[in-house]
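**Q** Let me begin by handing over the structure; questions about it come next.
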Amino acid sequence: MADPGKNERDRIAGTRSSSSSQERGNARNGNGQNSRQRQQQQQLETDRSRTHPAAAPAQATVDVWSLPGRAQTWITNSVRWLRREAMRRTATTGPTGMGIANEGDGDRPPPGGEDGGRPPPGRIPPAEHEPSTDENLQTASSSRIGEGASVVDRSETDASIPHRSLPGSLRAVSRFSFRYLMDKTGIKRNTRKHDEDITSSAGFDAEDGERRVIILNGTQPVKYCNNRITTAKYNIISFLPSFLFEQFRRYSNCFFLLIALLQQIPDVSPTGRYTTLVPLMFILSVSAIKEIIEDVKRHRADNEINHRPIERLENGTWSTVRWSELTVGDIIKVTINTFFPADLIILSSSEPQAMCFIETANLDGETNLKIRQGVTATAGLLETKDLTMVQGRIECELPNRHLYEFNGVLREYGKQSVPLGNDQVLQRGAMLRNTAWVFAVVVYSGQETKLMKNSTSAPLKRSTVDKLTNTQILMLFMILISLCITSGLCNLFWTREHSETDWYLGLSDFKSMSLGYNLLTFFILYNNLIPISLQVTLELVRFLQAIFINYDIEMYYEPSDTPAMARTSNLNEELGMVKYIFSDKTGTLTQNVMAFKKCSIAGHVYIPQRTPEESLLVQNILGRHETAEVIEEFLVLLSVCHTVIPERGDEGIIYHAASPDERALVEGAHFFGYVFDTRTPEYVEINALGQRRRYQVLNVLEFTSARKRMSLIVRTPEGKIKLFCKGADSVIYERLSAHDRQYRDRTLQHLEEFASEGLRTLCLAVADIQPDVYEEWRNTYHKAATALQYRERKLEDAADLIEINLRLLGATAIEDRLQDGVPETIAALLDAGIFIWVLTGDKQETAINIGYSCKLISHAMDIIILNEESLDATRDVILRHFGEFKSSTANDTNVALVIDGTTLKYALSCDLRGDFQELCLLCRVVICCRVSPMQKAEVVEMVTQSTKAVTLAIGDGANDVAMIQKANVGIGISGVEGLQAACASDYSIAQFRFLQRLLLVHGAWNYARISKLILYSFYKNVCLYVIELWFALYSGWSGQILFERWTIGLYNVVFTAMPPFAMGLFEKFCTAETMLKYPMLYKPSQNAKFFNVKVFWIWIFNALLHSVFLFWLPMAAYTSDAIWKDGKTNDYLMMGNMVYTYVIVTVCLKAGLITNSWTWLTHVAIWGSIVLWFVFVLIYSHCFPTLNIGSNFPGMDIMLLSTPVFYLGLVLVPITTLLIDVICKLIHNTVFKTLTEAVRETEIRRNDLAEVMNEPRSSGSKEFGHPAVQPDSSLRIEHLDLEDDSVGQHRSRQRQVEGGRRASDKTRRVAAGSALSASSTTSTITTTLHM
């Protein structure tokens, strides 16, 4: 008799077996039909147990063994029913989840769309694509109808609940764990793997917030933004609040607004109610007009872009709409030579295999064509009807700013999931080229496109002068408060003393006796010590200075039609204070135009000849040399392993490459007769010495800065699978097979020789892959490629699995020539006292050789090389060298430090950073090799923070953006690597040599101009408004003003506004030619000699002294009261206008006294300001009563111009006031003359500047062989150590030769002291204030 329990167990086991077979996707072996029968049988039994209650006890009495199965069914169905009801309510409310299913797990339709989430009729997925998917769908459908859920219903798995596995040891101990119970009951879980995402049956994903889901030809689950973009800062509604918020973020504007509000309090303001408000409104109006003009331009540009037409697929037909009307999920058609309106995923194109060519010049500046290709699943969608029938969804990452990264998955219903990467993305701003049309779907629109995400403003940088100015403003504010308190207390004491005796003054009222009212009065009276017009003057002057930089024809690069560009004007003066320059090498110092020079193959070096037949390499191939097979494989790798696009032209094949290196390598293979001429998404073809060979491209493992290599997996014409790999020697050698040692040492020797010649090197290797190994790896790679999270890391891990056991073929050497003028520019910058550091990713030998080529390193220099592999070794070598520096007694440190990226990583650690930076700062030159972009930024940040000096970073590529933004000033070079560095920079130039003019001319000029502008602005305000303090001595500290209220308000914005503009725009102490010829003239600005705390307060003291003369001299002349010949007297306002006139004349003459460069505009500004005051007096004296202003000014012109005392004072007072300044300037320029002044005077006399450069120093001349100062010398230059160019360079070369001989006879000498190159003709300049 058969055991009924055994039968039941067998049935359950069969059910489990069928479930497992479905999960593995084995429907084709017949198990699918049997499993369905078992499911139906089990389902019928379950239904009978529900429908007939009596059946259960009857069954129990007959078959006890059936209880576990029925309990299992009941539990499963209950859980399924509850879960299905919950998911049915949530699936239509949230966005569709889109995880990456397990292999064999069907793609499930989303809840959104017109069909409620089910595939349309006639599009049931075929079994060959995804086994058992159709059965699952049918089972799911029947369960929805009401037949109940099956135990193995895979469409209702618990995939939306992430699980975490217990540790193995814990699972072994815990018999009754959760997993144990689940296995016993038969409830299947869909465990989450590390490289898979989870999707529930209803389409809801637990991680929907981390991705974007786009329904194809359906309603989107959420509303996405439209494609309208705006780069404007304001609109009609937001302009006023936004503008005011932006303006009043400045403390100075807030201060003057407070003064204007205080003036509205009755009987508090001594200067009237509007004398501060009107100038403030004028200044804000000027700024507002400037903002409006700039924003209108932005609005016009935005409208032109938003109104461009594009074809969109709507209800099966194409309609023309504006760009701004597009949204995510729209299918559009883009035609040739048209910009892409949004970020798109290409579906198909007019080219085979959905290929297209794009130009990304607007994104990265690269004009070479790039290839993009749609996935095979959509390449056949060539008709409109095909596009309307496509059903599915795209899952991708949320909008971000990564231009070269994209992770997504295309899930068509009934088809296998397809990974989407950057090769399928058409970014907004790029243009379609050489392709008639493409069909694409919008994934990111409007402000969410990658182009707009990258349009954020650069980090806010403030110049050193600005920071110092703000600090001094705070100090002046404290002085202002002190003056207010002092004046208020004096008023209080004076009032108490005179309130009884001088009863007629009415001093007994509350306001006269109130200290609070008096403090407000004096606060308003003295507020103009801080110049109200300084900020707007600085903005306008800096804006015009930036225009001067943009229009400098000497910095225009004609071959690429690229002028210099000041992308910000806030750092103009910072260009004149640079102490450290951090430079990239490739594309910055070099041209980034690569030329294939030589190669090493199987231990032999080959050089290209005029024709392939002339080269020894081709002769070895044809003669079947013993290394012929290796040579052929080497050339095949060069001509196949790349992403270059060939274009046939009249002059032959033109190669479009993403980098100059790749183009040079392909051209190198071309030199030897291996011509690459055809590329499709599936294969590449080459002409190998007349023989056509086709290689099927299986996988491309792209180059990244982290991988430092690129690999290509191909199927050769013989059917073999090979991996071609090229990359840096450091990463190739560590992946070589242990048995491959034949050419390793010889190739390494050649690499060192190539690098010593300044050539860029790459290693080439190959690996043979067995088909079964490749198939297994391909599955792993596919899972990594379809992962939405951490895709890059998973792809790198997958690549590491296949890039092993490589066989070395050889190495290549590419020349990257120096740019024109680089050695001369670096020599000039070194002479100017600037330290130059090179931060590059190249090999150490290459970087050192480039250092010699560009004269950054001299042969007389000692070189310290730090190549360590551990933290302890790095610590030992740094401390050892640092100790040698400290113990050295040498007077200079003519040392170059070279460090690689690995050692730098340890050197920048917390415990070594301090010692390392001190060691670096003691060296004349520092070169960092094999460094990452982040390490570049860390080095710049370290020096910037530790030295507090002004740092400048210059680069041309995306890997330089981080250090450009970290430095005080960032310079981008518009070069071959694109415009990313230029777009992120503060200033952009086309060639490195233009940096010399940008710093030594524009930088030094702008620093001197801004310094004088700021100092003069404070000077003229203190001159006038401190006179109110002196007048308070005579007014009983009452707060009575000496000047007419509107003349006070117009002082800064009208009468003395032009001289600062003239100084800020046209002032220069030497011509541009002289500045370039003698770089040491840069030192005064570099050392902040023109503007520092000492200089600032000397100017303030000078202004206080002038205010004393300007008040007390007229006061002395006014003591007799009778200033007319008829004996008539006048009041305090007459004297106030006299003093005001003398102040205007004096401050304008002071501007002329400190001006070095006189132009006709300078004359207009200085003399025009004086004339403007007299014109104002003539007009303003006749305004009242016609206009209700100036009621106390009528007839003032007649009274002022009719007294001889006024004319006498007009001559004597300004001359007497400025006499001290003239005497100080005379003594300074005669006895303590600086180099700058000596050069300027020589230029004025038009004498030979070499005479000035050969002037002897006052001391220390014996060291360099200068003659002693003659007693009758009429010219003395303090602390001057300068030589003529020719003589100085000759002596410098002699010292270098002697130094080189000494260095060869003894061990390395590491010295401490000031870093001064022996070949530099530098100077130490001491400048003092021009009084």
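Cβ atoms are placed via backbone N, Cα and C, with glycine included.
Taken from TrEMBL, the feature active site, 4-aspartylphosphate intermediate applies to Asp584. The ATP binding site feature in TrEMBL is assigned to Asp584, Lys585, Thr586, Glu662, Phe703, Lys726, Arg760, Thr840, Gly841, Asp842, Arg930, Lys936, Asn959, Asp960. TrEMBL lists Asp584, Thr586, Asp956, Asp960 with the feature Mg(2+) binding site. Among the features that TrEMBL reports, compositional bias 'Basic and acidic residues' is placed at 1-13, 1295-1308. What TrEMBL records for 22-43, 1311-1331 is compositional bias 'Low complexity'. Under the heading compositional bias 'Polar residues', TrEMBL lists 134-144. Annotation source TrEMBL lists region 'Disordered' at 1-63, 90-166, 1285-1331. If you look up TrEMBL, you'll see 473-494, 514-534, 1049-1070, 1091-1112, 1132-1153, 1160-1180, 1200-1224 marked as transmembrane segment.
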**Q** So how many other Cβ atoms are close to Asp960 (Mg(2+) binding site), meaning within 10 Å of its Cβ?
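**A** Taking every protein chain into account, the count is 31.
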**Q** Could you tell me which of these recorded positions, Asp584, Asp956, has the fewest other Cβ atoms within 10 Å of its Cβ?
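**A** Selected from the recorded positions Asp584, Asp956 on minimum Cβ neighbours within 10 Å: Asp584.
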**Q** Run through Phe703, Arg760, Gly841, Arg930 for me and report the binding-site residues whose CA is within 10 Å of the CA of Asp956 (Mg(2+) binding site), in sequence order.
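**A** Correct set: empty; none qualify.
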**Q** Determine the Cβ neighbour count for Thr586 (ATP binding site): the number of other Cβ atoms within 10 Å of its Cβ.
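**A** There are 27 of them.
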**Q** Check for me, if you would, whether the transmembrane segment (1200-1224) reaches the transmembrane segment (1091-1112) - at least 3 Cβ pairs under 8 Å, residues 6 or more apart in sequence.
**A** yes
**Q** Find the shortest Cα-Cα separation between Asp960 (Mg(2+) binding site) and the binding-site residues Thr586, Phe703, Arg760, and name the residue that gives it.
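**A** So, spelling it out, the nearest of the binding-site residues is Thr586.
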**Q** Any idea what the Cα distance is from Gly841 (ATP binding site) over to the residue listed as 'active site, 4-aspartylphosphate intermediate', rounded to a whole Å?
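**A** One finds 9 Å between the Cα atoms of these residues.
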**Q** Could you give the Cα-Cα distance between Arg760 (ATP binding site) and Asp584 (active site, 4-aspartylphosphate intermediate), in whole Å?
**A** 15
**Q** So if I draw a 10 Å sphere around the Cβ of Arg760 (ATP binding site), how many other Cβ atoms end up inside it?
**A** 22
**Q** From the Cα of Asp584 (active site, 4-aspartylphosphate intermediate) across to the Cα of Phe703 (ATP binding site), what is the distance in angstrom?
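**A** Cα-Cα distance, Phe703 (ATP binding site) to Asp584 (active site, 4-aspartylphosphate intermediate): 20 Å.
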**Q** Applying a 10 Å Cβ distance cut-off over all chains shown, what neighbour count does Gly841 (ATP binding site) have?
**A** 22
**Q** At the level of the C-alpha atoms, what whole-angstrom distance separates the residue listed as 'active site, 4-aspartylphosphate intermediate' and Asn959 (ATP binding site)?
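**A** Cα-Cα, rounded: 9 Å.
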**Q** Would you mind listing, in sequence order, the residues at least six apart from Arg930 (ATP binding site) in the same chain with a Cβ closer than 8 Å to its Cβ?
**A** Ser730, Gly841, Asp842, Lys843, Gln844, Asp900, Gly901, Thr902
**Q** For Phe703 (ATP binding site), what is the tally of other C-beta atoms lying within 10 angstroms of its C-beta?
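**A** Here the count is 19.
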